[in-house]
Amino acid sequence: MANFISFFILFSALFFLFKRLFFPNRKQKLPPGPPSLPIVGHLHHIKTSLYQALARLSNEYGPVIFLRFGCRSFVAVSSPSAIEECFTKNDIIFANRPKSMATDRLTFNYIGFAWAPYGQFWRIVRRFTVVEFFSTNCLGKSRPIREEEIQSILRSIFKITKMKSEKIDLKHWVSVFTFNVLMRTMADKWAVDEEDSGVEKGKEIMKELREIFFTNVAMNVCDFFPIFRWFGYKGIEQRMINLHNRRNEFLQGLVDKVRINKKSGFVRNKESHRSLIEAFLSHQDQDPEFFTDDLIKSVLLIMFVAGTETSAVIIEWAMSLLLSNPDVLNKLRIEIDKQIGNKRLINESDIPKLPYLRCIINETMRLFPPVPLLLPHCSSEDCKIAGYDIPKGTVLFVNAWATHRDPKLWDEPEKFIPERFENMEVEKEGYKFIPFGIGRRACPGTSMGIRTVSLALGAFIQCFDWKKVEEYELNTSYDYRITLQKANQLEASCSPRQDFFPILSQL
């Protein structure tokens, strides 16, 4: 009997998929796409990273393409006009996120603002987070934390290189910097203490943090063929449950620590930064049913995933590109020396006076957007894009990678040319440059991210001389997990600039 039921379920699922794939609603005018196969749909066309495969298919079939992966329907867009239509006329329709096995298990039941359904709850949580963490006032109060943490990294690198030029694992140091900045602003503690940051203990801590927060949790075969999920295919879901338990334990520990400090009667100077957890707990006292610990943990999770590795990746790619383009590096150094001199370190108030630095960051994000496929959206009702019918429940992919490298939009798109941004008002360029997303679900932390990246990159170029390690092949190959990372971590030979010995010695 059990075998019959299993066979019946499998037969029904296959029949349903076959019907959807080969007998769609003939009245619908779906976007073009490649030939499909029974059951699997278009999965056989995805032989590289998804963003690269979609870019290749878009070159062949146009900037709006329709795909089916098993039982799920997808539309991928890569032209500014199609992207604009998605997030203006259809903005509310695409304001939701798709559900998947990963989001079922890893988002605290969809209550964080990145994955919560569009509506009043989402608006309240997002608005609260923006006001308490990303507002101009809050960024001003947290500025000392970012400046102290970059000084800590400079101090650590100087200790290693002050006697002679040494090889530096730059990815490690920028990751320590971004994690410590986020940890201090959210939880009033360090991820890695300075004395541990350059030794094995610090490296083990960073390895554990990456395992907790950056395990690949994209859609998988169980999302396309739900029958595999019922049978626990390859233990994928159980591994996600185990990962969630690790995350939950870590994040709950942060919340409990701040709660204990708060109950101890600690009084903060009104002008100093208040941690995000402390802000949430203050509101939890007034409305415990809304501001639950799970809500706090869900927001912390989003911050760690979206705010640490993305910034670190941008810094690492920028340094890699600068080492490959020494003329650009020298031009940036001249700008920094002219505006700041050699008597003090760069600080955040200097950033608006360094336009070429911002051009370099923009060009880095154009070539290597930290998230090449923006977080997916899902249509809440039938709609149209570029005259094509998009059914309700279709998952939307916005391919920033393809848009940023489109030769119709950019001259010599494969080349690193920061000067292309010198006379460009990015805000007026429409939808051709979208490294932080677009629409109602755009990243609220753009300003903080730019400050963090600008400060670190400016300080590295101001204080140290950098050279490519001879035996290290400086290439631009990449590895796509949650973010677009370098396939090989950047190692560079580093030595303090002679004029900055006095300043670095006094840090």
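Yeah, the Cβs are placed from backbone N, Cα and C, and that goes for glycine too.
For C443, the entry in Swiss-Prot reads heme binding site. Taken from Swiss-Prot, the feature N-linked glycosylation site applies to N347, N362, N475, supported by sequence analysis. The signal peptide feature in Swiss-Prot is assigned to 1-22.
Feature map: annotations from Swiss-Prot on the structure.
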{"residue": "N347", "record": "N-linked glycosylation site", "CB count, 10 Å": "17"}
{"residue": "N362", "record": "N-linked glycosylation site", "CB count, 10 Å": "19"}
{"residue": "C443", "record": "heme binding site", "CB count, 10 Å": "21"}
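DSSP assigns N362 (N-linked glycosylation site) to a helix in the three-state reduction.
Residue pair N347 (N-linked glycosylation site) / the residue listed as 'heme binding site' shows a Cα separation of 24 Å.
Between the CA atoms of N362 (N-linked glycosylation site) and C443 (heme binding site) there is a gap of 16 Å.
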